[in-house]
There are 2 protein chains.
Amino acid sequence: MVAEKVFTQLRRGTLEFCVLALLQGEPRYGFELVKALGEVDGLVTTEGTIYPLLARLRREGLVETSWRESESGPPRRYYTSTAEGSQALAAFTADWQRFCASVDAILERGRRG
Amino acid sequence: MVAEKVFTQLRRGTLEFCVLALLQGEPRYGFELVKALGEVDGLVTTEGTIYPLLARLRREGLVETSWRESESGPPRRYYTSTAEGSQALAAFTADWQRFCASVDAILERGRRG
DNA sequence: CTCCGCTACCATGCGACACAAGGTACCTGT
DNA sequence: ACAGGTACCTTGTGTCGCATGGTAGCGGAG
């Protein structure tokens, strides 16, 4: 709970697109996303983070939603990526790789210095 | 100026340690750091960001400072990484690599889906 | 029937970076 | 020696995304 604080900052800006990536070709609902992200190192989060994020994606037209009945529990709101969402994801992926390369270079320089 | 907004978020949490990396083995002053970061893709920033950041690092004991005369201009406050700073940098580097690997994996999955 | 897990959602707060202005010291040209 | 420009540091305000904690409803297990 203490060392994890670093990841809270690192997640900024990336979490949004990680969600978008998880929605590619496969509709998912909120709680499912929390569990999926929880299995990935450094991306653990909670519903309180995911739902505002999903609402934002919806406002921006990057995802669409639809209700479906569940066999065990309350109905679920499924989120699907729009074409615009996939496009935004692709653009981010390029930016992300550039950014990673820059940071890696600096950290590497620091290790030598 | 529009697409750069993504990087603003990505910088969060990493900028601090990029500065720390630049200080390894080589004392630098604030303005110099701004220029050095400005040459790196995605890490461009301004004094208004750097100085509060440096103040934070100093409060946390990760850097030390000392004034030195300049041959051309006002005196400069030089920042040096402490042993604690180098240690924190090493810890972050490990976290960063874990995080990158996670994000890369998710983005990759999204491209296939 | 009651408790607990699942599911969705909202209100509030914090932390880190951006933007912009202000201030002081030094140098240079004339 | 004075004016203006540059180097350098500082401070205040704004923005935005994630965290924390809480509400509410449904359904199954004990």
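Using the three backbone atoms N, Cα and C, a Cβ is placed for every residue, glycine included.
Just so you know, TrEMBL annotations are computer predictions that nobody has curated.
According to TrEMBL, the domain 'Transcription regulator PadR N-terminal' annotation covers B:19-90. Mean pLDDT across the domain 'Transcription regulator PadR N-terminal' (B:19-90) comes to 95 in this model.
Under DSSP, residues within the domain 'Transcription regulator PadR N-terminal' (B:19-90) fall into helix, strand and coil as 34 helix, 14 strand, 24 coil.
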